[in-house]
Amino acid sequence: MRFSSLCLLTFGVIVSKGDVTYPRPSELNATKPNILIGGLLPLDITFSRRLMTAAQIAIDEINKRNNVLKDYNLVLHMKNTSARHAPMGGPEAERLSTIKTLEYLDGNPMVHMVFGGLFIATTEKSAYLTSLMNIMQVAATTSSLALSDKKRYPYFIELILDGTRLNDLVAHFVMENEWHKVMIISDLGFDDLAKHLEDTLIRSNVTVSNLYIVEDVDDPTEILTAIKESGVHIIVFQVYPIMYYKLSCEAYMQNMIAPGYVWIDNRHHSQSVKDYFELYSDVNCTLGEILTSVEGMFATSSLSYLEQFPDTITIGGKSVKTLSEIGGIKGDAARLYGYDAMWSVALAMNNSIKRIAPYTLEEFTYKHKNYTDIFLEEMKNLSFTGATGPVGFSEEGSRLGKLVLRQVRNGTHVTVGIFDGTTQILDLLKSPEYMWEPFGNTTPSSEPRLEYTYLRVSRVLFGIYVTISVVGIVICLIDLILMLIYRSHGGIVHDWPIIRVIVCFGCIVLNIAVILMGVDDSDSSSSVYQGACQTASWMFVFGYTLALGGMLVNSIATYHFYTKENVTKSVQQELKYCAILVPCLVLDIILLILWQVVDPLTIKTEFLQKEYDESQDTIFQIAIAVCDCQKMNAWRIVLIVYKAIMLLVATFITWPAWLAANGKGYVTVHYLGICVYVTVLAALIGVPVKLTLGPNPSAHYGVAGGFILLCTISTGIAILCTILFAMRNQNPSGTSSSISPINGLLKDISESKKTTK
């Protein structure tokens, strides 16, 4: 056919790396003036050559028509913007595109409009320059958020749908499948659209875990490794073909493919995965591995009439399918944008002829801004059926139309849905069973299923400690009852009973604190857990002061009684000694209130190590609910130092009290002294051990609760024993060493000192 021969002839000229003019002068009507359309495409690329082929078909049709530019010849003058070492773009390609654009601006040759370019970076440069010179530029397949800025690019028209509309489709698809987390990978040329997509998803309550910007020279290995480690399974990417194959290969290498991962190729053009494989796949994967990697992948693009409605008759009188066959375009509908671009240019100028009268199109110069303004208005008013579907533009100059959602099945992109950007409705053409078949017939989740394993206090240990605590409380209550019943007994009256009551009460409070320390969110609500935690902290502080403070006061009172004159065991005297505890309790209250106001305890969840089970697609996360505050360690240090001072004083006063009461005092001072040293031993062992324990609630509870119960139970039993011994023997000096071993020890020490002297 004539068109086929023209294409072959044109391609022969392109190989020479020079500019191309179509049609040749010999093929034009010499009686008509020429209307030149300038072109900026990297003709070393197959896609560009076929894009120009479609434009040539449209020019032939237009020049034969009597109702479109009937008094003119439409001529395309194409400048090759392929950089010698960077045909796919880059700084060298941008520089060359700028030079070629400046040639047009210098009148070499002078053109009415410009067609092109192909890459965003080069197109932004040329579109800015053409706008400065009042020249309209029509791009076939280039779209970006930056190019939508009509203040900077007032005369730029996009034939392809605005990329933001594709973002709407992606956001709609993500929300419809209830995916809450996604990753975005974008080529540097699409960074503005990627950020727009990120904002769109965030407004839809979708978390964008990260946005990676790449270039074709980059190795995506680290990016995919980071995504895999993050656990996010939904990945949206918008890249050029080179990076497309790099990502596909690396996804295969790291097994980040269906059914574990969902890839959405935003802005995809080619229907066949292997279409560009030999040209752009500089990767270490075979075509079979690439096909395995992309099976099930989704893609967004403009609605392809070549695929959906191939028999549609275009404005030139031929069907979409026929046009693709004539131009050797095969199945790639994106190359047909060249056809619609030329018809849009021709119709816009044709509809402007009456408006610029009495002037004519051949009188156009770059100084005539009014020409270009009219061209722009008429372009926005166009409505015709092109090879890519109905052609029309919004008031902002963006292409109107529908979008398609495709899925790769057996190496080919199959349409699974059509999206109407105006109504925001996605009409699915394929059943869910079809779409999710590569994913095990189940809609994938946006991230692995997360299962928490909470570390809590062992219920068996808690039950044991509750039982022991209750026993300790009962013992202390028995002590209090016996002291109340036999309050007139000599052994009770003359052995600091009020102090013993305080010690017993402190032990009861500590036992209750142990019970509350074992409460967690497994058997209570969070509010109850928090209340138990706060109450346990307060009760421990007060209980410690009462129990240990009572034993300290007992030692001080005993020492004074046997070393100072005029000290009697009266209620008034005993109350004076008990007053020593008042400042300690006041300090407790001040510290606890300050703690509560400044840095209150709250229930927080701490996440520990996690393991990913790939077979179950599940992350097993170990967590622990803790009662904590922002400066917990600081408060602990303050309280430990304060209580340690009290313990230290009790330690050093107990021995002198023993010596002073040797052979004179009741056994209470002996047994409570032993309890002081038991407490010292528990603190010296328990505190360091607890600080070195890992995040195991049972271990912490076992150590802390165990040592507290050891001290309180031993104290309760000691008081009970002293009461029973005092009731049996009211003679202090007559207490045998078997009942009061301290007496025997002190006696041996005294005799040893006498012998030495």
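Note that Cβ sites are derived from N, Cα and C of the backbone, with glycine treated the same way.
Copied over from TrEMBL:
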- 494-689: domain 'G-protein coupled receptors family 3 profile' (DOMAIN)
- 1-18: signal peptide (SIGNAL)
- 462-486: transmembrane segment (TRANSMEM)
- 498-519: transmembrane segment (TRANSMEM)
- 539-562: transmembrane segment (TRANSMEM)
- 574-598: transmembrane segment (TRANSMEM)
- 640-661: transmembrane segment (TRANSMEM)
- 668-689: transmembrane segment (TRANSMEM)
- 701-727: transmembrane segment (TRANSMEM)
Note: vs the transmembrane segment (701-727), the recorded stretch with the largest number of Cβ pairs under 8 Å from 498-519, 539-562, 574-598, 640-661 is 498-519
Near the transmembrane segment (640-661) in space but 6 or more residues beyond its ends, with Cβ under 8 Å, are 544-545, 548-549, 551-552, 554-556, 558-559, 561-563, 584, 587, 591, 669-670, 673, 676-677, 679-680, 683, 687, 742, 746
Long-range CB partners for the transmembrane segment (498-519) (under 8 A, at least six residues beyond its ends), listed in sequence order, are 457, 461-462, 465-466, 469-470, 472-473, 476-477, 479-480, 483, 528-529, 532-533, 535-536, 539-540, 542-551, 553-554, 557, 571, 574-575, 577-578, 581, 668, 672, 701, 704-705, 708-709, 711-712, 715-716, 719, 722
In this predicted model, the domain 'G-protein coupled receptors family 3 profile' (494-689) has a mean pLDDT of 79
Other same-chain positions with a Cβ less than 8 Å from the transmembrane segment (539-562) and lying at least 6 residues past its termini are 496, 499-500, 502-503, 505-510, 512-513, 516-517, 569, 573-574, 577-578, 580-581, 584-585, 588, 591-592, 639, 643, 646-647, 649-650, 653-654, 656-657, 660-661, 664-665, 668-669, 672-673, 675-676, 679, 708, 711-712, 715
